[in-house]
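Worksheet for the structure shown next.
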């Protein structure tokens, strides 16, 4: 049934499908790769000069391969029919209705793709889930496909799990030189053949020892667990940042000292205003839901704590801004630097900026927002979902110049770690603000001494201002 893969179709032209397929086309000139999506506007953007997503290094590769062996199309039936191997790379958002609301992943898009494949396949296909899915999702996809197989003997399907481990902002590097590629499949002859066919694709550029093959369920679970562990590290260091602020320790020094332990390592120990992005919160909640479904309530509580600390850290940061601005921000202009969930991406999904801005708007603060990559329309959509459209209209202005955003502001709040933020002329910015002017550093980009010497009242996560009296341990709270 499965031999050499010559044609790949990817259903879903988002942050995973687009970059992954561009890299495969780039590294495998002998394979024709087609990315399809129901959203014709998105496909038009992929075929245009301005791609729908910003990712360093992506544009060059797309422009080099597009029209040769990389195609973007909205003809889903044709692309399914012609493919040897089909990636399912659609969104699996958290369910916002019914059972599992707010936690379980919503598989309606995955199911609809499976039904599309069943309808249009016409012959044997390897189907690969790329989307982050709950454990046992491959089973659901397979039951839809096997049902079609019963009525049409030309069909034969194998379903593999091949989760992506991309970090936005460095996706192209992660794809070109991955830590590991994980492929899970059925433990049958056909299953092994299908796994071997996908291994063959990746072997064009990934060393064989970095390609891990497992059973389908281990592969699905490994993806959730990897993101849960990373999210847990961020929540862990953020919980310590609160202790640092109360005691006079400095979280950067603590993280540096702890990170030197080779068993712990120094990655993901940067305290901040919290994690965001399309996957950490979603995947941890998906893991929590899985544990609850399996009646593993202690395990569910444990992982839910990771999310709770994240939400608490955002709230705590917003509360500190309000407290330090003399307990009222109503009518005050506050400059927000950064809206993306992290640097080098225009993605705003679950960005901490949304939540911090939401808390400040509840207190009637006037926000002046600047981000080098996020479009104003996107900011307004995100903020309206956090409060109301009217409130956003009334309180939010978006600037294309950081100096304009900061002019006449009472405070600057840094919410994304864009490199360019370090290069601004802060004495000029300070001069244009309402005094006493404050700087709230939610990403630890700045040195306290430097900012205080310019005149700023400085507040950084995980370090206490010099005028704060440290907590006495005798006091009980």
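Glycine is treated like the rest: Cβ placed from N, Cα and C.
It should be emphasised that the depicted structure is a prediction, and the values quoted were computed from it without experimental measurement.
TrEMBL lists 279 with the feature active site, nucleophile. Summarising the environment of residue 279 (active site, nucleophile), the number of other Cβ atoms within 10 Å of its Cβ, over all protein chains shown, is 27.
Annotation comment: TrEMBL describes 12-17, 37, 42, 90-94, 131-132, 168, 279-282, 349 as NAD(+) binding site. For residue 12 (NAD(+) binding site), the Cβ neighbour count at a 10 Å cut-off comes to 26, with all displayed protein chains included.
With helix defined as DSSP H, G or I and strand as E or B, the domain 'UDP-glucose/GDP-mannose dehydrogenase C-terminal' (335-448) counts 46 helix, 19 strand, 49 coil. Taken from TrEMBL, the feature domain 'UDP-glucose/GDP-mannose dehydrogenase C-terminal' covers 335-448.
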Using a Cβ cut-off under 8 Å and a sequence separation of 6 or more, which residues in the same chain sit near residue 94 (NAD(+) binding site)?
102, 103, 104, 105, 106, 281, 282, 285, 286
Binding-site residues compared (91, 281) - highest count of Cβ atoms within 10 Å:
281
For the domain 'UDP-glucose/GDP-mannose dehydrogenase C-terminal' (335-448), would you mind checking the mean pLDDT of the predicted model?
97
Using Cα coordinates, what distance in whole Å links residue 168 (NAD(+) binding site) and residue 279 (active site, nucleophile)?
10
Between the Cα atoms of residue 12 (NAD(+) binding site) and residue 279 (active site, nucleophile), what distance do you get, rounded to the nearest Å?
16
Enumerate same-chain residues with a sequence separation of six or more from residue 37 (NAD(+) binding site) and a Cβ-Cβ distance below 8 A; give 'none' if the list is empty.
11, 12, 13, 14, 17, 43, 72, 74
Around residue 168 (NAD(+) binding site), how many other C-beta atoms are within 10 angstroms of its C-beta?
24
